[in-house]
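Q: Dropping a structure here in structure tokens format, bear with me for questions.
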Amino acid sequence: MNTQEIIEALAMLREKKPLVVNITNYVVMNNTANALLALGASPIMAHSQQEMAEMMSFSGALVINIGTLDSVWTPRMHFAVEQANLNNKVVVLDPVGCGASQLRTQTARQIAEAANTLIIRGNASEIIALAGENAQSKGVDALDSSDSALGAACYVAQQYQCSVVISGETDYVVTKEAQYKLNNGHAMMPFVTGMGCTHTALTGAFAAIGDHSGVAATAVLGVAGEIAAEQSAGPGSLQINLLDTLYQLDEETLMNRLKLTVNA
């Protein structure tokens, strides 16, 4: 995927306004729903198993975020993945805090194993832990650099036959065909809770219109976050400015600002 294809994907997303089913955490529901709306997608936060078969029959993609995981949520997540598979829909998994507890690590691996078409989006420590290596994390925050997770991402991509997105100071996307390096974003972004969860939700929106790599969402959020941070005094205003920037983001801005390197 190149810059022009990312621009075309954004235009298609805004035209089609895909419905994205989110089983996500309590902390970020408002953030991620607003980000999806600002970009042009249609979010629904559906957590009931009783309606999931219907939801997956007409939605574009399924986003699963294990940020506030518990025994009530887990069977719902597994059932949702089953329904996504039955309807040939992409599953986007955010393994929040993978490596911080056995519950999170095991659940993330089980979901990844179950999904037929999968994108995994996490920080470096989460991806390293998912691969079964020793990671440095503090709760859900990464202490590993994104560069250090590249080997783990390649392993995870092979293990689960999926695309892997590593968020960090530098973002990486690993697919079967290529590795992508993206150098946008801003150092202020990690000070807003749920920024990675927003990244995952946007990945679901682009997956719903055909980008099964995660590259388009990574590019769009990186450029939008960079611009929004330049206009912000701190994390509070960054949250608001990010929504405005996602809404206003255009072809010329992406073309001029995106820093994308592709290694095929």
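Cβ atoms here come from the backbone N, Cα and C positions, even for glycine.
Remember, predicted model here, so these are calculated numbers, not experimental data.
What Swiss-Prot shows for this protein is this:
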| type | residues | note |
| --- | --- | --- |
| BINDING | MET45, GLY194 | substrate binding site |
| BINDING | ARG121, SER167 | ATP binding site |
Q: Looking at the binding-site residues MET45, ARG121, SER167, GLY194, which one has the fewest other Cβ atoms within 10 Å of its own Cβ?
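A: Lowest Cβ count within 10 Å among the binding-site residues (MET45, ARG121, SER167, GLY194) is MET45.
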Q: Could you tell me which three-state DSSP class SER167 (ATP binding site) falls into?
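A: Once the DSSP labels are grouped into three classes, SER167 (ATP binding site) ends up as strand.
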Q: Should ARG121 (ATP binding site) be counted as helix, strand, or coil on the basis of DSSP?
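A: Going by the DSSP assignment, ARG121 (ATP binding site) falls within a strand, counted as strand.
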Q: In whole Å, how far does the CA atom of MET45 (substrate binding site) lie from that of ARG121 (ATP binding site)?
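A: Approximately 19 Å lies between the Cα of MET45 (substrate binding site) and that of ARG121 (ATP binding site).
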